[in-house]
Amino acid sequence: MANMAVSRIKREFKEVMRSEEIVQCSIKIELVNDSWTELRGEIAGPPDTPYEGGKFILEIKVPETYPFNPPKVRFITRIWHPNISSVTGAICLDILKDNWAAAMTLRTVLLSLQALLAAAEPDDPQDAVVAYQFKDKYDLFLLTAKHWTNAYAGGPHTFPDCDSKIQRLKDMGIDEHDARAVLSKENWNLEKATECLFS
Amino acid sequence: MGNCLKTSSSSDDISLLRGNDGVNSSYNETQQALNHQVEQYQRVFHPTSTSTPSIIRQQEHLTENEDHVKLAKRIGLMQHLPFGTYDGSSKKARECVICMAEFCVDETVRYLPCMHIYHVHCIDDWLMRSLTCPSCLEPVDAALLTSYETT
């Protein structure tokens, strides 16, 4: 990889390690390989959001042209959020695309992603299904997001009603994640979810 | 924010754009380098310019020309941004935020209209992708265009 990219990432890595946020356990970063091209980030779900109490893992790939082009970031931990794909973890955030600036760093990217969790933009969605639920049935969105945070990111809120519906579908031979995804999409309507799966 | 750059005192802007005395000698060199760069692009973009163009080819040339003009304009704009040598007196900027290395005394740095400074090779690479300041996102071309057209 280009020299500038490596030397910058090394400095940025140190910056994250020295940051206050790492002391507060709100962001974390670690190396995946020795060539500094791939890193693993972690952000804590912000307080007063359905993601509170969860830890979300991110895949960070540093292009050879860094810092002239943004790092490629996606969520590895599954998450229910209008601007993040519930299937692939792809993120829709302007600074990771056209509004990237060379002065941004790993630390500011992680903090921006944390801010995105606190302030969704449903009018510029990455996941149309989640965005529709966010706008149309906000209560169900909150419930679903908390449930996903509990199931995948270690969040504290459990929803026995959701779990029993997922169990019903599992009993029919459906994979747990597929069951959760279909029920979430169908606003936890078991009949509609079953119809969707078996038609 | 930003309004401070749109002053009508164009004489000031132009003197700034021409750089200071220490810079003038190398200015001609960069101008020559620029001409050379444009020539190179011309060769790449118009390999068959001697053959008789069909109508379709003319259209192709139009868009190619547009790209060429855009590129040349951008390089032209960049060459009009003042540069100088870092003398260590700047209290604010100690490191180039693009490569994150500290400025060394006598290194060549470029000044953007927002007064942020960078290594010339770092900022020129960035400006080829985006005509904004990497630190404050202030557009570089808006402040320059008026002055550039009159020079």
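Along the chain as shown, the residues are counted starting at 1.
Quick reminder: no glycine exception, Cβ is built from N, Cα and C everywhere.
According to TrEMBL, the features are:
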- A:4-154: domain 'UBC core' (DOMAIN)
- A:Cys92: active site, glycyl thioester intermediate (ACT_SITE)
- A:161-199: domain 'UBA' (DOMAIN)
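Classification of A:Cys92 (active site, glycyl thioester intermediate) by DSSP places it in coil, neither helical nor stranded. Counting residue by residue with DSSP, the domain 'UBA' (A:161-199) contains 30 helix, 0 strand, 9 coil.
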